[in-house]
Amino acid sequence: MSGGKYVDSEGHLYTLPIREQGNIYKPNNKAMAEDMNEKQVYDAHTKEIDLVNRDPKHLNDDVVKIDFEDVIAEPEGTHSFDGIWKASFTTFTVTKYWFYRLLSGIFGIPMALIWGVYFAILSFLHIWAVVPCIKSFLIEIQCISRVYSIYVHTFCDPLFEAIGKIFSNIRISTQKEI
């Protein structure tokens, strides 16, 4: 397995796929990572996507799983002909399937582009604007918090301590009259 090639059991020579070989910046195969005492790094931009399970985090479990039975139902005693029911089921299912494919074919790439730009802008603003503003605010507020702490310990603590001592001598007695 030298030079990014391997031999199968029948003696055929193959090159490893690019994803297993890594790139020029970080090796992504186990042999090179072990040789360099590094952990194997996977790039999020070149990872393979799962074409079978397209919702691995179950984002749409409660929302988009709409089947024929979820939309159209005939109660007991009010049934159409069996052929009509089967044709309606087939029409609904096939129409939903192909119309979704048509819409995703037309609008899928542009919407992916729009959402990619949107989340890139959000990430950029969070990294380069929001977090630095919050950090600078926390640094600047430390000065005010120290002055406020001195003010509270100097003026408010003695005042409220004195008020507490005044009210601590109040005794209440209750009597029940019949």
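Backbone N, Cα and C atoms are what each Cβ position is placed from, and that goes for glycine too.
The topological domain 'Cytoplasmic' annotation in Swiss-Prot covers 2-104, 126-178, and the record cites sequence analysis as its basis. Residues or ranges marked as N-acetylserine by Swiss-Prot on the basis of similarity to another entry: SER2. Marked as phosphoserine by Swiss-Prot on the basis of similarity to another entry: SER2, SER9. What Swiss-Prot lists as ubiquitin cross-link is LYS5, LYS26, LYS30, LYS39, LYS47, LYS57. The S-palmitoyl cysteine feature in Swiss-Prot is assigned to CYS133, CYS143, CYS156; the stated evidence is similarity to another entry. Among the features that Swiss-Prot reports, region 'Interacts with SPRY1, SPRY2, and SPRY4' is placed at 149-160.
Here the region 'Interacts with SPRY1, SPRY2, and SPRY4' (149-160) has a mean pLDDT of 94 out of 100. Checked against CYS133 (S-palmitoyl cysteine) by C-alpha proximity, the recorded positions LYS47, LYS57, CYS143 yield CYS143 as the nearest. With the fewest other C-beta atoms within 10 Å around its C-beta, LYS57 stands out among the recorded sites LYS47, LYS57. Of the recorded residues, LYS57 (ubiquitin cross-link) and LYS47 (ubiquitin cross-link) place their C-alpha atoms 16 Å from one another. Here the Cβ of CYS133 (S-palmitoyl cysteine) has 10 other Cβ atoms within 10 Å, regardless of which shown protein chain they belong to. Secondary structure at LYS57 (ubiquitin cross-link), as computed by DSSP, is coil.
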